[in-house]
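Peer 1: The following feature annotations were taken from TrEMBL:
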type	residues	note
DOMAIN	A:30-140	domain 'PurM-like N-terminal'
BINDING	A:D32, A:S46, A:D77	Mg(2+) 4 binding site
BINDING	A:D32, A:D77, A:D212	Mg(2+) 3 binding site
BINDING	A:T47, A:D48, A:D125	Mg(2+) 1 binding site
BINDING	A:D48, A:D77	Mg(2+) 2 binding site
BINDING	A:H55, A:E265, A:W309	substrate binding site
BINDING	A:G124, A:D125, A:R150, A:S214	ATP binding site
BINDING	A:D215	Mg(2+) 5 binding site
There are 2 protein chains.
Amino acid sequence: MTIADVGEFGLISKVTARMAMGPTCLLGPGDDGAVVAASDNRVVVSTDVLVEGRHFRRDWSSAEDVGHRAAAANLADIAAMGATPTALVVGLCAPPELPVSWAEGLADGLAAEAALAGASVVGGDTVASPTLTIAVTALGDLRGADPVTRAGAKPGDRVAVAGRLGWSAAGYTVLSRGFRSPRALVDAHRRPIVPYHCGPVAARQGATAMIDVSDGLVADLGHLVDASDVAIDLHRTDFEVPAQMADAATALGVDPYAWVFGGGEDHALVATFPPGSVLTPDWRVVGEVAAGHGVTIDGRPYTAGPGGWDHFR
Amino acid sequence: MTIADVGEFGLISKVTARMAMGPTCLLGPGDDGAVVAASDNRVVVSTDVLVEGRHFRRDWSSAEDVGHRAAAANLADIAAMGATPTALVVGLCAPPELPVSWAEGLADGLAAEAALAGASVVGGDTVASPTLTIAVTALGDLRGADPVTRAGAKPGDRVAVAGRLGWSAAGYTVLSRGFRSPRALVDAHRRPIVPYHCGPVAARQGATAMIDVSDGLVADLGHLVDASDVAIDLHRTDFEVPAQMADAATALGVDPYAWVFGGGEDHALVATFPPGSVLTPDWRVVGEVAAGHGVTIDGRPYTAGPGGWDHFR
């Protein structure tokens, strides 16, 4: 059964029937708009779009996987502002021949990932398109905290990471070479594990700047140092290459640090903290902020591997 | 110059440079998320996607026109909840060969339409895609009012319309036949004129249910009567066919009431009000709510022309 068979409104009713609303959803799907709680008179909003062939492949990822990834990319942006995610809305552009079961799986993945972050899918839109496209917008609640932007890092701050680095990129390389294992890496590409709760925690711990690692650690820190007008030096010895990743890198003949420093889409959070601030164990210190410009590793510019990802090149 | 020439970040900086932030924007573009005011601890959210070839044609509409339409479709949903629009975020999926000037025109149209409704464009995402697609999410502020859903209409209520009906559909028919005039109709298709302020006013006037006319008056009232479990009868004599529309209908050999009752995308607001409520002059009473099911015109089912629009059929 395709979505052309059930039609737009049939699809919407099938998909929304699978969604559970959390406590921050005051009015759910089915009207012109949804109503979401915003406890401190402000709402954080972020949007990200995933396009088939560019951001996901249906032969590599299940519909549920794609839902998890699409939600995670947006929810991580909310966490990186220091906010707690509250809601997602989803625009689905789909070829009419798309199986209904795929759309249902996507909805399940979106809802499950949203629930991991404490949010729910409160609305959406479905339209016909030759290109399968998933446009997600996430909302979040700062709960009285100041937003943690990219612009507040100060010389002397420490740089710390919460979450995983390089796992998704390693999984992508594995899949690109035609393999389906190691499973842990492939699964990491299919469904990132995002430390959502670390964003609001960092805000309360006095983080001066924060960003989520979507384009690659060095590339995303590049955005942060540009916004803050500072330099960051990372310490290579503070980064671990897990055994599975090291083994895969050897087998595939690649430098695993290219995954760690250049790979995005794990949606780790990287933040800067003033000297003396007490960090929870989720945060690993990996470098420090100095006067100047740019990102270095042990004092030298990062060169191995792609520094990031430009969506039009 | 194409967007492949300037790259993702070049495009983002060119586009955001054109955006002015209104007072409801507390933190604008350039970070992981934006921060928007939500004065009464709630936010209304709605999303709509426009796909080239399906919802717009570049040979019929300028980039600015498409921006106006994409924003209007979303802002009207916010108004139809009784809320005042505060912000838009925009996901742009674009072929790399798209001229930068087109993206800039789109941004100008989005920003200008948002400003008409009192909102601003606070963020977005740009990705490469073979299919030009514009995914917009709008936020709004109820300012302490209850949301006006589709579900509150009661027998005895009056049905009233604010805004224009059939103009966009008439313009679409004109363009489909290869003509470029009457200009007023074509322009109405390119840039709807939406009575945004009438939504919050209706909420304060005690509207029991409201919806925006995006699929066609009869089709959208069909959603409202389903949600409210009532019937609505419209009075044909309460609908005007403006002279320009009547002339075009004669020239093209079509029934102008098919445009008025079946045409969407003018984003008029239609609402139900309790007996005795005092309406502002923007609202024209066109029918009444009764017990039962379905939408009739002068007691008879509506049959002429398409009843609405299903995006997958």
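Glycine residues also receive a Cβ, built from the backbone N, Cα and C atoms like all the rest.
What TrEMBL says about a protein is an automatic prediction, not a curated fact.
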Peer 1: So if I draw a 10 Å sphere around the Cβ of A:E265 (substrate binding site), how many other Cβ atoms end up inside it?
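Peer 2: Excluding its own Cβ, the number within 10 Å is 24.
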Peer 1: Per DSSP, to which secondary structure element type does A:S214 (ATP binding site) belong, with helix, strand and coil as the options?
Peer 2: coil
Peer 1: Is it possible to list how many residues within the domain 'PurM-like N-terminal' (A:30-140) are helical, extended or coil according to DSSP?
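Peer 2: Helix (H, G, I), strand (E, B), coil: 35 helix, 45 strand, 31 coil.
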Peer 1: Would you count the other C-beta atoms found within 10 angstroms of the C-beta of A:S214 (ATP binding site) for me?
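Peer 2: 23, counting other Cβ atoms within 10 Å of A:S214 (ATP binding site).
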Peer 1: Which residue, out of the binding-site residues A:S46, A:T47, shows the minimum number of other Cβ atoms inside 10 Å of its Cβ in this structure?
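Peer 2: Lowest Cβ count within 10 Å among the binding-site residues (A:S46, A:T47) is A:T47.
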Peer 1: Near A:D48 (Mg(2+) 1 binding site), which binding-site residues out of A:D32, A:D77, A:R150, A:D212, A:S214 have their CA within 10 Å?
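Peer 2: Checking each Cα against A:D48 (Mg(2+) 1 binding site), the hits are A:D77.
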Peer 1: Please identify, among the binding-site residues A:T47, A:D77, A:S214, the one with the smallest Cα-Cα distance to A:H55 (substrate binding site).
Peer 2: A:S214
Peer 1: Are any of A:T47, A:D77, A:G124, A:D125, A:E265 (the binding-site residues) within 10 Å of A:D212 (Mg(2+) 3 binding site) when you go C-alpha to C-alpha, and if so which?
Peer 2: A:D77, A:E265
Peer 1: Rank aside, I only need the closest one: which of the binding-site residues A:D32, A:G124, A:D125, A:R150, A:E265 has its C-alpha nearest to that of the residue listed as 'Mg(2+) 5 binding site'?
Peer 2: A:E265
Peer 1: Which of the binding-site residues A:D32, A:D77, A:S214, A:E265 has its Cα closest in space to the Cα of A:T47 (Mg(2+) 1 binding site)?
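Peer 2: Out of the listed candidates, the nearest Cα belongs to A:D77.
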Peer 1: Tell me, if you would, which residue among A:D212, A:D215 (binding-site residues) has the fewest other CB atoms within 10 Å in the structure shown?
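Peer 2: Among the binding-site residues A:D212, A:D215, the sparsest Cβ neighbourhood within 10 Å belongs to A:D215.
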Peer 1: Near chain B, which of the binding-site residues A:D125, A:D212, A:D215 can you find when the cut-off is a Cβ distance under 8 Å?
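Peer 2: Near chain B: A:D125, A:D212.
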Peer 1: Counting other CB atoms within 10 A of each CB, which of the binding-site residues A:D77, A:D125 comes out lowest?
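Peer 2: Lowest Cβ count within 10 Å among the binding-site residues (A:D77, A:D125) is A:D125.
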